[in-house]
Structure formats: structure tokens, C-alpha cells
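Novice: First, the structure itself, so that you have it in front of you.
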């Protein structure tokens, strides 16, 4: 039945139907509804995705935080372990650099003390004592080759009167005799000494013998030390040894000499160096002598001369000072042709154009007196473990760091190396350098020199090279006067003025007279103590100081060549004094 078009109700109310909705309108409504539903679903999905993303991010952040926390914990653990390792490492460094050396030194001193109490009458096969051990008195062992002062403070000094002790240095026994060129070395266990005994006045190019002795420091009943001689060797074999340097070595002495029977000037004029001799003397009376030809000698040097001053035993090596004339066209001569060192005294400078002064300084290395050869300093270095096969080399410093070659001495104090160089050229002041070696197993070893500026006094000199001259010029003058440093030198600004040293100088600018004991700072003399009468002639002096660790007394032995009108031209005298430091 078809639907009714009219709805008729009671109460005579009639409802008329509204407009009929067609299909197109219905379709539009459904589309809008669906779009709305889809939009809501899309928004919901987006919100869900965003929410999930935020949840994931929060979860990840929490994981990263946990990871960072874990890493931080591990870093803290590592830092704790590193701190612990650093503490251990510091203890190791302190033990190796401080405690262990002190313990070794203490054990060494205890061992030496024990040896000093041993007496045996049985002849030993090794290089050891037969009766009295070759060991210094325990009071002195730890005060040898040590800086007496290490605080860099300002100090005052006084030099005591010479102490009366038996001389360990024999003198000439005839008016025509001559004893000259002393060389002295004091080691921790013993001392070594040598001088030349010239048969015809003091002309050392003729005929001479060599006196050598070794001994120990002992304490006398008066409380001060004495140099007790235990062994003597007198080399009288027809060889004219000259300019010998001595060094203490284990169980004995080592001596470096050269052999020549012509004038020194003739040696420089030649083209082949004279014979070089290395002599080893041990306490069991063993004497071994070798002719050596160190690496770098042949083809470079016209002559090579030992430095007279003592050498050292250092890091299993034997080191002696040397100097000589370099051949001009040799490898060494060409290499050093333009090298020179020109120190300046700021308190008394030399005036003139700098270029001219530099040229004069360069020419000073080639004195006409020595046939215009470059006069060069050097060091003879020998490996101790190969000493019997004389494996030696010449180590040559740069002339940009040293003045013209001359006699010298190598010092080892508190394990620091120093080099005294005689002021033979134009520079009138004491010449002292800090030195350091670089040794190589193959190839050429090297040495670095650092000049210590000393201006406190001058040596006597002749002609244009008197003690008053401070300008470069070519000359051969001066005299050997080595100092003994009492303090280490520091390059730190402001404290260098408290570098102190002692020795024996000749108080004249032109003549070798007036021997005087002194203590000096860099720029001024602290104490002067004249020895003998005014005008007394003297020559070479060498000084060594040490300490009695029992009562902290400081002693210095000043070995001086003094004029003698009775037994030869010179008498070598050891003057022992007590040095008071306040």
C-alpha cells in the first residue's frame, strides 16, 4: 500500500507534510558527516601518534639519562683509578730520583766505612789494597766533590791560617832541579797527584821524569785532615812526558800525557800530532801504558796537548781536558773557520765598532806565535770498559761558545760538570763554563758549553794582553789559575750574584807575583789572604775544597808553584786552610 499523503487526527487538527527531501540532499549530508568523522579520526590518530612519539621520546630520554649516568659513574671510577695511579707514580718518581740515590749513597758510605776498618796483610790479586785500604776517612767521604753552599743566600767568608801538615808533594833536591805542572784529583775514595820533574832547569822540551802518587784523606790528632800517601810511581824511562793531567779512577789513577822533545812552537808548526800516552796505575802496583790515537786526531790536528788540570771519571767514561793547533784545511779547520766567542764585561766594556771587534775576536784564535794555527780546546773521552784497548775520541766544543784553546780542568761537583779554561788569550778574567755531553754509541759525541760571567779579578798578562786589557787581540799570555766553585751557578735572574768560588790568584796585572788566596763572587772579591812576602814569584795554582761532615768544617788545599832560591826555580807547595762561612 502506498503511504498516505495526509495524516488526519481528531480534534479537527490537520498536519500538512513538509517538503519532500530528495536523494541529492541526503547524499551531501552523508558526505559531510563522513568527512567530519574522518577528520575526527585523523586528528585522533595524529594525537595518538604524537602521544606515542612523546612517550617514546620520554622512554629514550630516560635511557640516555641512564646511559649518561652510567658513563659518568665509569668516568668517576677511572678518575679515582688515575688519581691512585698518579699517586703511585709520584711515589715511584720520588723513590727513583730522591730516596733511592740517597739510599745508594748511604749504602756506599756504609760500605766504604766498613772497608776502612778492614786490615789485611795478604797480597790481593785484584786492584785492591795490600795493607791499608784505598778509602778516605769516613768523615770526608760524603763531603768530597759536593757544593759547600746550596742556598743561594749571601754569605761572608774568612780564610784561616795555613795548617801545618806534612807535604805530600816532594820538591827538587838540587839547585838546577825543577818540579812543575802539578795536577791533582780528589775522588770519593782516594786522591791522585802528578807533576813533572825536569832535569835541566825548567826547559820541559829536553828531558824529564814524571812523579805520580795516590793516597787517602785521614784525620790527624789535631782534628784537621792530612793527605796520606800510600803509593808512589816514578816514571823514569827516557820518555819526555809533558803537560800531564791526572784523574782518580776505581782502584787507582789515570794519567794523560803527550811526548815531545821539541819546543811547543815547533809542535804547532808541524803537521803530525805528537805521541799521546794514557797511563793507568792501580793500587796493586799494576802499571799499564798505551799509546792512543783518538778518533778525530789524525788529519785534523797539528798538535794536541793535555790540559794539565785534572780530569774526571764520569758515567763509566774517562774525560780529560785538552787543546792544540788545528790544521787549516782539515775537516775540523774548515768547519770552525768562522767561529768565535766574544764575551763582554758590562761594567768595563771595550769601545769600538762591533764589526771590527768581532773581526779582532776571530783573529785572536790564530796567534802568529803558534804558526797561525787555530788554537782549539777539546776533551779526550775514553770508555772505561774498553780502556785497555784505548777506545777514545776527541769531543770538540764550538768556538762560538769558548775562547781560544788553552790549558784547563774538568770538574765534577754534585754530578754537575764544569770546565775551567786558562785565560791565555785577550780575555783577562777567570773562564768557567758549565758543560754537558751527548754521548753516542756510533758517530761523533758532542759537548755544549755555557759560560759563567765572572768579572771579579784578572790574571797577569804581558804586552797588549795585560790584566787591564778587555779588548780582542791576538796574543798568548796569562797563567793557569783554576777556581773551585763553592755554590752551583744558577741562570735564574737575581741570584747569580751569590755564586761563590775560591782559589789562588796572582795579584798583579803584568807579572806573575803576589800569590793570594781568595774567595770571590761573580763581580767582586769577598776575601783576600796574601801568601808569602810581597813580590814573591809564583806560577800555576790549582784548588780543591771538601768538607768534614763530622763537624761541618770546610777545608781547601791550594797547590801553588812558588819561587825557590834554594832548590830549583819553583817549589810546588800544598797549602791547606780552613774556610769559615757565615
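Please read every residue number as a count from 1 along the shown chain.
Glycine is no exception: its Cβ is also placed from the backbone N, Cα and C atoms.
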Novice: Can you tell which of 127, 448 Swiss-Prot marks as N-linked glycosylation site?
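Specialist: Swiss-Prot annotates N-linked glycosylation site at 448; the rest carry no such entry.
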Novice: May I ask you to indicate which of 35-55, 56-76 is given in Swiss-Prot as transmembrane segment?
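Specialist: Transmembrane segment, as annotated by Swiss-Prot, spans 35-55.
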Novice: When the Cα of residue 448 (N-linked glycosylation site) is compared with the Cα of each of the recorded positions 180, 192, 202, 323, 475, which one is closest?
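Specialist: Comparing Cα positions, the closest of these recorded positions turns out to be 323.
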Novice: Which recorded positions (244, 407, 475, 545) fall within 10 Å of residue 369 (site 'Binding to the glycan motifs of the host receptor') by Cα distance?
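Specialist: Final answer, ordered: 475.
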Novice: Using other CB atoms within 10 angstroms as the count, which residue among the disulfide-bonded residues 178, 192, 202, 471 scores least?
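Specialist: With the disulfide-bonded residues 178, 192, 202, 471, fewest surrounding Cβ atoms within 10 Å: 471.
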Novice: Whole-number Å only: compute the distance from the Cα of residue 253 (disulfide bond) to the Cα of residue 180 (site 'Binding to the glycan motifs of the host receptor').
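Specialist: The Cα atom of residue 253 (disulfide bond) is 19 Å away from the Cα atom of residue 180 (site 'Binding to the glycan motifs of the host receptor').
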Novice: Do any of 242, 329, 465, 507, 556 (recorded positions) have a CA within 10 A of residue 422 (site 'Binding to the glycan motifs of the host receptor'), and if so which?
Specialist: none
